[in-house]
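Asker: Structure incoming, see below.
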Amino acid sequence: MPHIAVGNSPPAVSSVFAIDPDKDESTSNSDAHIMTSMPKMSLWQRMLYWHRNIWPGTKIPATVAIILLGLILWWLVPPGLSSTAWHIFVIFLCTIVGAILEPLPLSGVSLVSIAVAALTGALSERQILLGFADSAVWLVIFAFFISSAFLATGLGRRICFIVFKYLGSSTIGLAYGICLCSVILGLGIPSATAKSVGILLPIIEPLLKEAFQSDPAMRTEKRIGVYVVMVQNASGSITGVSWLTAGAWNALMVQFMSDVGVDLTWLGWAYSITPIIIVAVAIMPLFIFVLCRPEIVRTPEAPVVASDKLRQLGRMSLSEKALLVVFILVILLWILSSSLNNIFPFTTTEVAMFGVATLLILGVIDVKRDIITDKSAFDLLLWFSILIMYADQLKEAGFWKWLSQRIDLHSLSPYPCLVIICLLFTLSQYACASITARVAALFPACLQISSAAGVPVEVAARALAVCTWAGHITPYSCTSNPSYYGLGYVSSKRWWLVGVAVMAVNFILLISVGFGYWWLLGYWR
């Protein structure tokens, strides 16, 4: 996996006022000038400079805001709910707010929150550590390790170049090629950042600038760049729901579904959710073509570039072949363990363990090179385990049941009720920069409210899962979006407008094709 930074890491210094001996002369002179001008600055300006440039710790304004929120809510225990359940919720809410404001990276916020939970007595040590033993967490972690093999061997890039070679001769074909790459990579890569930024971005950016001369610096972004960036942005989020292993949040949702009696296997996800995603992927490039019509519609350069890159890569290496065989075997075992559990009594996590072990034995991945250095996987292990723990403890404390009883939708029939809940859940993405954080905060509540209102849980669970495909709506609503926004092809205004338009089309697709498909499968009965 690529080492994707999740926050700003301060330099190691012995004091917050220490001078870095490695700074160049110009930087030192600048600092000296600022320090000598300090007497001319107001106290507020000095504090602001100190906080932004010297203080290595948490962002103080965001931290103060979160502390105040927690202190205000701590003693406002609502009637009908135990103080323990409320205190767990307050700490959980502050954690989610921390994920949005980012006084520290999310893993840091999560670690601070469990310290608060332990010191206040809201949770015991045993309860806090339960999340680290959750199978959903380890499914994602092992999937991360498998995905590191795609980057280490170059197989992920090879697959993308093969797709572009055969589909990239037109602008629309190139767009569908990007979507197909996202679907294929989603089979084994649960990180949106790894797929979109680690593999596709290094292919797409030079293709736009060198092959098509579509470059914001040359004011030629409308030739094809705007269209391709918006298609990739939308496809990355939509295909994140295409498979159980396509997004880290999917395993979290499956865990929450099991709490209401919905046991969704890898194969169950594939036949009940994937077809809807395929329909959305088929429509989306054509719809965005209307909204962001490119100046060129034929792209004969793309297959040529892809062919050249494939020639540079040469024949498939032994490691690539081994990875391909192991990966196909893992997928087959996921399918067989879902459909023939008596013959193949393995869980999805156990199959992922087998895949990682086999890749290690064959030398496709290396412990020191690919596993213990995978910062993104271990970062996810910290905050993902903690969010799952909070959701489980809120369930055990009766919070979700209490909340569902306070929101009464019994006056509505199941269909409009679910439409309203799905709409609210989708729109909540505007307030979150992390799909996983949004799922942890709202998915259990929405599922419990739907169930209490009489909506069949089999439908509600799948509908809410599909609603996580809205990560494309803003430049900040998914971890991979800022990298594409930073290319400069798409303005903020255009991103928001195209985002809401695609979201509207997808929502109509969900409540028509999706709901109808689940009626055919018998989930509405």
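Along the chain as shown, residues are numbered 1 onward.
Heads up, the Cβ atoms here are built off N, Cα and C, so glycines get one too.
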Asker: For the transmembrane segment entry in TrEMBL, name the matching range from 113-135, 343-365.
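Answerer: Going through 113-135, 343-365 one by one, TrEMBL gives transmembrane segment for 343-365.
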Asker: Residue list, the transmembrane segment (224-249) vs rest of chain: Cβ under 8 Å, 6 or more residues beyond ends.
Answerer: 139-140, 143, 171, 174-175, 178-179, 182-183, 186-192, 195-196, 200, 204, 208, 212, 214-216, 264-266, 269-270, 273-274, 277-278, 280-281, 284-285, 288-289, 291-296, 299, 348, 380, 384, 435-436, 439, 465-466, 468-472, 478, 480-481, 484, 487, 489-490, 494-495, 498, 502, 506
Asker: Going along the chain, which residues at least six beyond the ends of the transmembrane segment (60-77) come within the CB cut-off of under 8 Å?
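Answerer: Distant contacts of the transmembrane segment (60-77): 51, 83, 86-87, 90-91, 93-94, 97-98, 101-103, 116.
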Asker: Between the transmembrane segment (413-433) and the transmembrane segment (84-101), are there three or more C-beta pairs closer than 8 Å, counting only pairs 6 or more apart along the chain?
Answerer: yes
Asker: Let me check one thing: do the transmembrane segment (84-101) and the transmembrane segment (377-393) come into contact, meaning three or more Cβ pairs under 8 Å with sequence separation of at least 6?
Answerer: yes
